[in-house]
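Below you'll find the structure, written out as structure tokens, and then a few comments.
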Number of protein chains: 2
Amino acid sequence: MKRIYNFSAGPSTLPVEVLEKAQKEMLDYNNSGMSVMEMSHRSSFYDDIHKEAKKDLIELMGLSDDYELLFLQGGGSTQFAMIPMNLLDKEDVASYLITGSWADKAYKEAKKFAKPEILASSKEDTYTYIPEIKEEEMDVNSKFLYLCVNNTIYGTRIAPEKIDKLTKPLVADISSNILSEKYDYNKFDLVFAGAQKNLGPAGVTIVALKKGLIKEAREDIPTMLSYKTHADKDSLYNTPPCYSIYITGLVAKWIKKMGGVEGIEAINKEKAKLLYDFIDNSKIFKNNIKVEDRSLMNVVFVTGNDELDAKFVKGAKEKGLENLKGHRTVGGMRASIYNAMPIEGVKALIDYMKDFERENR
Amino acid sequence: MKRIYNFSAGPSTLPVEVLEKAQKEMLDYNNSGMSVMEMSHRSSFYDDIHKEAKKDLIELMGLSDDYELLFLQGGGSTQFAMIPMNLLDKEDVASYLITGSWADKAYKEAKKFAKPEILASSKEDTYTYIPEIKEEEMDVNSKFLYLCVNNTIYGTRIAPEKIDKLTKPLVADISSNILSEKYDYNKFDLVFAGAQKNLGPAGVTIVALKKGLIKEAREDIPTMLSYKTHADKDSLYNTPPCYSIYITGLVAKWIKKMGGVEGIEAINKEKAKLLYDFIDNSKIFKNNIKVEDRSLMNVVFVTGNDELDAKFVKGAKEKGLENLKGHRTVGGMRASIYNAMPIEGVKALIDYMKDFERENR
């Protein structure tokens, strides 16, 4: 069996022991005589999987009893519509911090259903930093401040200490750094994350929101896009993406085994420090992100020469270090080092970068 | 390893060889060094899986070049909204044939976004038959006739020969009998199927629609609920449910190996005939469905005595014949014998029914 180090930004690498467990249980889950894929979503076997995954995620996120956690479909892109449809009336204002193209997409989608405003944007600097968050500049009637906490494409994140200082109701996309370091998720009205970056396979989106915000939806909302529909039925209104939830549950158990978010955070910080330190001291690799805004999950770097970048990515692939090409809109390289990327993968990458530097100075 | 005969209505049994292949490839798909769950949806490995699954489904469904086939999320319940949102204006009429609670849900959802009418309903007879389809009674301005071709809960289906006679534009839910017997899918403007009954795991919905119907969406439609969004990007506008599509692709290959729809239909008809013949000649089991409307996929039966029904279901479970309890709204028993249920499973069920009959007459 071949295994590579997969630096993909998402879908992305999963813990090997999770895959091994799924492999073992593929034809017979827990002596049920069935694959999890074959189980009725109304069966007691599946019900246990569903409840356990939910319980573990709530525990890992440290959510209080004020929160409901949902398993939905449609990815973050569907949340861009569900958030204004469920939390805003047509004339309501909400404030968006534009830290990348995903935040921008969320803002544009919200314009279909309400009156969002842009609080600040770093677009003119290709999103290389997080704009200062001046809550006092929000429209006085603004219902919430929307944030994309980690920006996969640009390699930035809003640090926990910046969020701790905020006082307004917050709604956030945490797809690419959920459970990677300690955030106080109880500070948010709503957070959501597509599983396919740091939690599991594509096809399930985690939404955690304050129970008080779950109410009868606006009449123009499809039943399936109302949070209440799903909250009332514990995410079993219709058939959920059972297998994706099962794998997400296995990943949650793995995080707990690694010492929870605290344990994972320590490893993630070590991984990121190794890589950023190497880049900052390198003669050919550069990272242009403002230091305090650097993502722990997505480390972007360039040589400044497109041909050399391409050579780097090609050579890396030959060494089993894959998916290091930067997003097509920004070029260069990107190493996504999510929770499941072992430190050995980061060290192997740095070793290759050293060799490459020596040969290409 | 234990394997049972799983008569669940959905999610439901999958071909063992599909599960075995998925198991084998779990940690390393095709020498990629990755699980399919870990692959970027923009990678060439995944692209091949995506395109191949699409091609095979189009081929198996016999769709002409006039059709686009999409992989979407959100299940049939999301299609209940997407259909009127994309195919109708707010004042447009469409006609719904109410053959069960799923058709009824589709009709009710359509009322939010357009002006659907009920053409006919068999609700007063607990949906035990398919109402005669009188197209001439449709509103003259009706844009399409909506059908639920197979009714999982009630064990009915609209036979292919009935559909062949229709002349109006048709839109249909084919979730529970897609690719189980030969239908001319080119007669439909749009068909959709949640994968979790006859195609694969929950989490992906197949939609096939005429390309001419794909147009700029109404302004009040979320981007993710517009068919055009997904058609323009070959179902890769955002991260698709890659693993569910992969398994669906494996199931499509398996159907081809079984001789395509013709091969599967022959087996399905044999399975259904064995079971219906036994029931019709039984002293204690009854099926109340009008013979011409009987489903090949979901065979419902009762003893007429709730206690005896419960005893039957319990005893079946002990023999490894599981999920035979009828839907909670109708009671009794239901054997879902989808494509992946081997004829040996049906024979084992009949053997048990014979024993049960002998012991409980």
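The backbone N, Cα and C atoms fix where each Cβ goes, glycine too.
These figures come from a predicted structure and were not determined experimentally.
Per TrEMBL, the features are as follows:
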DOMAIN    B:4-349  domain 'Aminotransferase class V'
BINDING   B:R42  L-glutamate binding site
BINDING   B:G76, B:S77, B:W102, B:T152, B:D173, B:Q196, B:N238, B:T239  pyridoxal 5'-phosphate binding site
MOD_RES   B:K197  N6-(pyridoxal phosphate)lysine
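Proximity to chain A (Cβ-Cβ under 8 A) holds for B:S77, B:Q196, B:N238 out of the recorded positions B:S77, B:W102, B:T152, B:Q196, B:K197, B:N238. Counting only the Cα atoms, the space from B:S77 (pyridoxal 5'-phosphate binding site) to B:K197 (N6-(pyridoxal phosphate)lysine) is about 14 angstrom. Long-range Cβ contacts of B:D173 (pyridoxal 5'-phosphate binding site) within its own chain (separation 6+, distance under 8 Å): B:G76, B:Q79, B:W102, B:A103, B:A106, B:Y146, B:L147, B:C148, B:V149, B:V191, B:F192, B:A193.
Mean pLDDT, taken over the domain 'Aminotransferase class V' (B:4-349), works out to 97 on the 0 to 100 scale. A sphere of 10 angstroms centred on the C-beta of the residue listed as 'N6-(pyridoxal phosphate)lysine' encloses 28 other C-beta atoms.
For B:K197 (N6-(pyridoxal phosphate)lysine), the nearest of the binding-site residues B:T152, B:N238, B:T239 in terms of C-alpha separation is B:T152. The DSSP secondary structure for B:Q196 (pyridoxal 5'-phosphate binding site) is coil. The separation of the residue listed as 'L-glutamate binding site' from B:Q196 (pyridoxal 5'-phosphate binding site), Cα to Cα, is 25 Å. Residue environment of B:R42 (L-glutamate binding site) contains 16 other Cβ atoms, counted within 10 Å of its Cβ in all protein chains.
For B:S77 (pyridoxal 5'-phosphate binding site), the count of additional Cβ atoms within 10 Å of its Cβ stands at 22 [all protein chains shown]. Maximum C-alpha to C-alpha distance over the listed pyridoxal 5'-phosphate-binding residues B:G76, B:S77, B:W102, B:T152, B:D173, B:Q196, B:N238, B:T239 is 31 Å. Same-chain residues at least 6 positions away in sequence with a Cβ under 8 Å from that of B:N238 (pyridoxal 5'-phosphate binding site) are, in sequence order, B:M224. Under DSSP, B:T152 (pyridoxal 5'-phosphate binding site) is assigned to coil, being neither helix nor strand in the three-state scheme.
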